[in-house]
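Remarks on the structure that follows.
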Amino acid sequence: MNPVSLIFLAFAMSTDAFAAAIGKGSSLDRPRLSEALRTGIIFGVIEAITPLVGWLLGQAASQFVADWDHWIAFVLLVLLGLHMIHNGLRADHETEQEKPGQHSFWILAVTALATSIDALAVGVGLAFVDVNIFLAAGAIGLATMTMVTLGTMLGRALGAVTGKRAEMVGGVVLILVGATILYEHLSAA
């Protein structure tokens with residue numbers, strides 16, 4: 001995977017966490033930088049671990065699917081991208097509102113895990129392409145930490161405007177990364 005695709009992948013993986021962080025930030029009266037950084041670190045670490053787990057699962061299966069691995073990566077990324085676009089187009093979910101300032105570690109960790117399931121699937125797909133998984137996981141974690149920290153700080157102002165659009169943009173980027181992987185493999189053959 002080329003460096004530009006890796007950067008796009010990292011930021012695409014962070015968009016759903018960014019949208020969640022905007023929601024978290026909007027529930028705080030005045031988000032403090034320390035709270036935003038804490039939230040960003042929790043999300044970033046979890047988002048970096050999940051593609052590693054997915055990659056390990058993909059590696060275990062890679063010997064059985066080596067001839068069509070690029071198609072698996074492509075299909076997974078396109079399906080995840082379409083899912084993110086669909087979620088971005090849907091009406092807001094009815095969610096249980098937290099009280100301001102009630103962002104415990106466990107609430108943040110569960111939210112981070114929920115938004116990182118797509119990174120697990122991407123990790124499975126990355127097992128079938130030429131990529132340094134530790135570099136990819138680190139990039140995904142760093143991008144997520146950055147985007148979540150910003151999303152938490154900007155949540156109050158941007159919550160109503162950006163949340164759904166960020167998820168849709170992330171979905172489009174995932175589809176483009178999947179198409180790039182497929183193109184690179186087919187053009188090399």
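Placed from the backbone N, Cα and C atoms, the Cβ positions cover glycine too.
Here's what Swiss-Prot has on this protein:
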- 3-23: transmembrane segment (TRANSMEM)
- 41-61: transmembrane segment (TRANSMEM)
- 65-85: transmembrane segment (TRANSMEM)
- 106-128: transmembrane segment (TRANSMEM)
- 141-161: transmembrane segment (TRANSMEM)
- 168-188: transmembrane segment (TRANSMEM)
Applying the under-8 angstroms CB criterion, which one of 3-23, 106-128, 168-188 scores highest with the transmembrane segment (65-85)?
168-188
State, in range form, which of 3-23, 41-61, 106-128 has the highest count of Cβ pairs under 8 Å to the transmembrane segment (168-188).
3-23
Hey, which bits of the same chain come close to the transmembrane segment (41-61), Cβ under 8 Å, at least six residues off its ends?
13-14, 17, 20-21, 105, 108-109, 111-113, 115-117, 119-128, 133-134, 136-138, 140-142, 144-146, 148
